[in-house]
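J.: Have a look at this one before I ask anything.
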Amino acid sequence: MKTFPFLVFARSELNDETFREKMREALIHNEETTPDTLDAFCSHLYYQAVNTSDAQDYGKLVPRLDDLHDKYQTCGNTFYYMSTPPNLYGVIPECLAAHGLNTEEYGWKRIIVEKPFGYDEKTAQTLDVQIHRFFEEHQIYRIDHYLGKETVQNLLVLRFSNGWFEPLWNRNFIDYVEITGAESIGVEERGGYYDGSGAMRDMFQNHLLQVLAMVAMEPPAIINANSMRDEVAKVMHSLRPLTSEDMENNLVLGQYTAAEINGKMEKGYLEEKGVPANSRTETYIALRCEIENWRWAGVPFYVRTGKRLPARVTEIVIHFKTTPHPVFSQNAPENKLIIRIQPDEAISMRFGLKKPGAGFEAKEVSMDFPLCRFSRRASINRL
């Protein structure tokens, strides 16, 4: 931290002190914050007002960065984190390059781009070309903060460090997989943005497909960026393309309407601020996916996400196949591995044991391992 300054640049006309005060107000109630750590952190915050669409205005960053590199002895090493509207993702790299802020003659330079990376395949490819005009591939970090969640990262360790899971992790023993990302709130103040994305682009095609890939991927040779990316790409290429029959039978789209929830009347999606009255944007999507490879052939993956659902929960449920014959004259409880991502990070195993008393009636029991007590760091902070 002693050699780690933050220079924030944005349109708002603030200075170092006014920005620090805003950050202090935002962090003061954090349970992990102490006055000393807060003061130490804020002393490393700096601010520069810049018109982020005007390349000439980026010249203001040059002397500020030079001063900070000298003060903190950072050798010119710089991360550019684009916490901006997606329409600026192609603009900012060009504006930085106009003032030589992308070159690595003096220290390394890295640029971080978060989802959404483009609106569709074509715009994503166009954006990639735009950024590559000014930054080399080794300088570009494309991140999905969902992958920083403790339980999502634990999924890799659970799968690849425990020998007893691997023989079971395939179509021979797994019946089906559920991946759910449910939110109890509506779009809140994000109606204008959300109506241009919907549940598909907001959650499904990035966060949940990444989780699906981590459930289904083959073991990488080593845990590093290239090996992980290669295995994730193999899963994506193996997903069966949707047919017109799939669209009719295996896809559900929905939109929440006004309803009374916990004694309070909540707006429907079409009444939300910034949402057109005739919008057809989905706030709920559920899709039955299939992966066409030897490991997963015939195993359905049910992926769903939506707003204003009964509970806020994101979890993976691995449903194992039942016994081939009911020895105890009844169907034994289903074996399930439940990986809870939020709100309470945990891993649970459900299986059957004998119910106390006479006879051999089986009941479901659970082995639970809560992770939330070990790490409360937000995924975006971890990344």
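Every residue, even glycine, has its Cβ placed from backbone N, Cα and C.
All annotation found in TrEMBL is predicted automatically rather than curated by experts.
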J.: Using only what TrEMBL says about substrate binding by His145, Lys149, Glu183, Lys307, identify which of Asp120, Asp128, Asp195, Asp202 is listed for that site too.
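T.: Looking at Asp120, Asp128, Asp195, Asp202, the one TrEMBL places in the substrate site next to His145, Lys149, Glu183, Lys307 is Asp202.
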J.: Which recorded positions are spatial neighbours of His145 (substrate binding site) here, meaning Cα within 10 Å, out of Arg11, Lys115, His207?
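T.: The recorded positions close to His145 (substrate binding site) (Cα within 10 Å), listed in sequence order, are Lys115, His207.
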J.: When a 10 Å sphere is centred on the Cβ of Lys149 (substrate binding site), how many other Cβ atoms does it contain?
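T.: Here the count is 24.
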J.: Are there any residues at least 6 positions away along the chain from Lys115 (NADP(+) binding site) with a Cβ closer than 8 Å to its Cβ? List them or say none.
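T.: For Lys115 (NADP(+) binding site), the qualifying residues are Ile143, Asp144, Asn206, His207.
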J.: Looking at the recorded positions His145, His207, Lys307, which one has the fewest other Cβ atoms within 10 Å of its own Cβ?
T.: His145
J.: Return the residue, from the listed binding-site residues Glu183, Asp202, with the maximum count of other C-beta atoms within 10 angstroms of its C-beta.
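T.: Buried the deepest by this measure is Asp202.
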J.: State, in Å as a whole number, the widest CA to CA span among the substrate-binding residues His145, Lys149, Glu183, Asp202, Lys307 given in the record.
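T.: Value for the max Cα separation, rounded to a whole number: 20 Å.
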